[in-house]
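Accompanying notes for the structure given below.
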Amino acid sequence: SSDKLVISIPTISISGIEFWDYFAFLRKVYTILSLQVLLTTVTSALFLYFESIRTFVHESPVLILVLSLGSFGVLLALTLHRHKHPLNLYLLSGFTLLEALTVAFVVTFYDVYIVLQAFVLTTAVFLGLTVYTLQSKRDFSKFGAGLFTALWILCLSGILKFFFHSETVELVIAAVGALLFCGFIVYDTHSLMHRLSPEEYVFAAIDLYLDIINLFLHLLRFLEAVNKK
């Protein structure tokens, strides 16, 4: 997940934001998020549909490294210029395109049926958790430290699996990763409602987008590991 730029604001009415400002903030975030998911879905569908693209991808494994580094670089630039309009939107578009290409690259290595299963599950889980968090009165901000600690552990586990690879290890890491990003969806949605400044709509959208992408990729790995059992 990306850097969580959380800004505390006074709590009056709806998180210190007047209702219409709050509504406009949510509309911006979820409009951007919808466009990001749409671009990623369409790009992945094209990569899966055209045999020539799949062949090119499978013959160019270094491409995933280039896309990942490019995505990280653009995200870093976006962090530095997140309040400079319209530069922030140009950088956001570039970041989303690189992420969409990265996801599309990955899905070409999976069976279409598994990709569709992961897509449907991700959509259902995200919508369910979003509705739950939006109507919940619980304070989920206290789970932030635990989630980020678990994320570091997950990253280290991902490195270790290259040395101790097994289908069981892959299954466990994928399941834990999927559950972790379910937690991040709840945490980031709660932050969106109660802690983020309206000026941070770009990063609010990026946080949720990366939660969705990571949930989808871990579900892909989980379903693949289950099918191999």
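Using the three backbone atoms N, Cα and C, a Cβ is placed for every residue, glycine included.
Note that the coordinates shown come from a computational prediction; the quantities given were computed from them, not determined experimentally.
Lifted from TrEMBL, the feature list:
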TRANSMEM  29-50  transmembrane segment
TRANSMEM  62-80  transmembrane segment
TRANSMEM  87-107  transmembrane segment
TRANSMEM  113-134  transmembrane segment
TRANSMEM  146-165  transmembrane segment
TRANSMEM  171-189  transmembrane segment
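Of the candidate ranges 29-50, 62-80, 113-134, 146-165, 171-189, 29-50 has the most C-beta pairs within less than 8 angstroms of the transmembrane segment (87-107). A Cβ distance under 8 Å defines the sequence-distant neighbours of the transmembrane segment (29-50), meaning residues of its chain 6+ beyond its ends; these are 57, 92, 96-97, 99-101, 103-105, 107-108, 112, 115, 119, 192, 201-202, 204-205, 208-209, 212-213.
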